[in-house]
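Visitor: From TrEMBL, for reference:
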DOMAIN    B:35-136  domain 'Ig-like SoxY'
SIGNAL    B:1-27  signal peptide
C-alpha cells in the first residue's frame, strides 16, 4: 500500500570506545492517520508505521511505538553508546505487515 | 413551533454545551495517562519537553523529550482526536534517555510527556503549543 518507502539513516562511520553518538533516521512514508477524508467524504483508511526499533549487536537502543499523530516521513533522533565495533540494525513495522530494515556498521578505532 | 422565551433560553444553553464539548478530549487524555501510570502520583522533576511555542504548521511540529535514567517516555497531545502520540522505550545501549521526532497537532493544545523511572515512579512535563494551521486534514 505504501509505495516507495525508503529508509534513510545517518550514523558516524567510526567512533572511540564508549563514545555516545547521535543517530538520525528518516523513512519516507505517508503515515495516513485514518482521520482524513477524500474528495467524496469517505474516510481514507489508516496506514502508518506502528513500531520502530534500533539495536546494536542485538541489544536494544530504542523501541518506539508510533501512533497516527506522528508526522509524514517519521523522523527520529536519539543517542547510543558504542562500546565496540558492530552493526546498528534499524527496523520499521508497517500496519500492512511490511517490515523495512536498514543497517549501518560502525568501527571503533 | 412558537419561539417562546423558554425555548430561546434552552437553545442558548444547548449551544453553550456544544461549545464545551471539545474539552471532553481532556478527559480522554486523563484516562490515557492513568493507563500508563496505573494511577500513581506523577512528579515533575527530571524530565524536559522541548516544543515550539508557536507552530505554523500542525502537520510537522518538532518535539524533543529528555528524561535522564527513564525506562520509557510516553507523549500525549491532549487536543488530538486520538491523544496518544508515541512511546519511547530505551534499551541498554541508549546513551541518553532522549529522543526527537516530529508530530501532528490538530490545533492549539498542551503536549504532555510522562516518563517511567526504573523505581516505578513517574514524572511529567507539559507545554502548550499554539498551532496556526491544524494537522489533521479537517
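Just so it is clear, glycine is given a Cβ too, placed from its N, Cα and C backbone atoms.
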Visitor: By DSSP, what is the split of the domain 'Ig-like SoxY' (B:35-136) into helix, strand and coil residues?
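Guide: Helix (H, G, I), strand (E, B), coil: 3 helix, 58 strand, 41 coil.
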Visitor: Please average pLDDT over the domain 'Ig-like SoxY' (B:35-136) for the predicted structure.
Guide: 90
